[in-house]
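Q: Structure provided below as structure tokens; questions to follow.
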Amino acid sequence: MHDDFERCYRAIQSKDARFDGWFVVAVLTTGVYCRPSCPVRPPFARNVRFLPTAAAAQGEGFRACKRCRPDASPGSPEWNVRSDVVARAMRLIADGTVDRDGVSGLAAQLGYTIRQLERLLQAVVGAGPLALARAQRMQTARVLIETTNLPFGDVAFAAGFSSIRQFNDTVRLACDGTPTALRARAAARFESATASAGTVSLRLPVRAPFAFEGVFGHLAATAVPGCEEVRDGAYRRTLRLPWGNGIVSLTPAPDHVRCLLVLDDFRDLMTATARCRRLLDLDADPEAIVEALGADPDLRAVVGKAPGQRIPRTVDEAEFAVRAVLAQQVSTKAASTHAGRLVAAYGRPVHDRHGALTHTFPSIEQLAEIDPGHLAVPKARQRTINALVASLADKSLVLDAGCDWQRARGQLLALPGVGPWTAEVIAMRGLGDPDAFPASDLGLRLAAKKLGLPAQRRALTVHSARWRPWRSYATQHLWTTLEHPVNQWPPQEKIA
């Protein structure tokens, strides 16, 4: 989009917040870059350039605007709707792959050489993987500087910088100030720094409209005991992260989500934040979805009633795949009970000072040691879970932020006991494919019949072609028409 100068300039003239995250505005006369909705007077057209990412702007020597804080914008929805290698790379970088495995590890996951990957990213997003990871480190550092009392040395290493000097230089170049000045400026803007060790409070930005009742209701109704709960108006869950465990509390509002993270290790902050955004589908483009689905007369009323539906997703793709298999042909409550047994038997214990969470969801390595006695499911279902876990453990099946959606579908369908419903639900909620469509889902077919749409799988699939590439969101809208606990927020009964 940044290549369309006229459209971008109209967006900054109208200060249209819908475009925040799609591109940044580099101002040649001041050397700063802004988000499209920056409240200052728009610069003359001759004095601006439009760049695809904050990393591209920083790479060309521009500093972040202190007024609009463009590095804190919602992420670009472009990377969530595309399945090409650049989009997959961007999702993996957001998950912290470069900091954990280096550029070589990122390239290997994608099946490209380092040089090929550098060339692709530079051409499309204006920055290579190292520059993109550096911009993320800067954002992590800024959050820790502004919302905690951590010493700056601890901030530097938690954010992924290799030295204090590199940290100070990056802050000065990106923000035109020192860490001390950033913390001082933040004191008037933010709540006082959290007193609890390992705790950080964030405000996750959201593109409006945001129909949070659907996504939070779904997460609440399917909560796994010991791993997830609803308490004091917040959805809470445990996190299994690269450097340790975490607990997150997420409280919705119309234009943001309040996120309280308790982490064993602050090096996990960037990854935890990215996974929370992914869980709630916060980087979706609701305007584009509403425009496309609302064009169908059969869906117009449903979409208009609650525009801005998000897909209830996951913090761990492999976890969701296991839970999807456990949910085959059973009630929502039974699926949660089965998963709760696994959590209690194989999950890592956590200490929850503010609630009743007890364990993380087990890792694939832990599930590889599974005792069938912990699963009160048919033997055929046990075989499916064992085959799924074995494939994930030996890496013949890869389910992560950067996997190829179509290839993953094919690999899932090759497993015994995995049919189209399971594969599509995993693609939709586990992998984030915006065009997944579980046509055989009973709830989806009941909702379709209620609206006068075809209720048979094949006929409904044919009809759904008009909703592409947003069939996952059409599914979510249809589900919301049913009387079911997944559509209740706050839940009518305690979830713990």
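A Cβ is built for glycine as well, from the same backbone N, Cα and C atoms used for every other residue.
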Q: From Thr30, Thr53, grab the residue that Swiss-Prot records in the same DNA site as Arg41, Arg63.
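A: So, going by the record in Swiss-Prot, that would be Thr30.
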Q: Treating G and I as helix alongside H, and B as strand alongside E, what does DSSP give for the DNA-binding region (104-125) in helix, strand and coil?
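A: Its residues fall into 19 helix, 0 strand, 3 coil.
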Q: Measure the Cβ-based neighbour count of Cys68 (Zn(2+) binding site), defined as the other Cβ atoms within 10 Å of its Cβ.
A: 21
Q: Which chain-mates of Cys34 (active site, nucleophile) that are at least 6 residues away have a CB under 8 A from its CB, listed by sequence?
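A: Expected: Ile12, Val24, Val25, Val27, Val40, Cys65, Arg67, Cys68, Pro70.
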Q: State the Cα to Cα distance, in Å, between Asp441 (active site, proton acceptor) and Cys38 (Zn(2+) binding site), rounded to an integer.
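A: Cα to Cα, Asp441 (active site, proton acceptor) and Cys38 (Zn(2+) binding site) are separated by 44 Å.
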Q: Near the Zn(2+) site, what residues other than Cys34, Cys38, Cys65, Cys68 in the same chain have a C-beta no further than 8 Å from the centroid of the listed C-beta atoms?
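A: Result: Val25, Val32, Tyr33, Arg35, Ser37, Pro39, Val40, Arg67, Arg69, Pro70.
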Q: CB neighbours of Cys38 (Zn(2+) binding site) within 10 A?
A: 22
Q: Give me the mean pLDDT over the DNA-binding region (104-125), rounded to a whole number.
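A: Average per-residue pLDDT within the DNA-binding region (104-125): 95.
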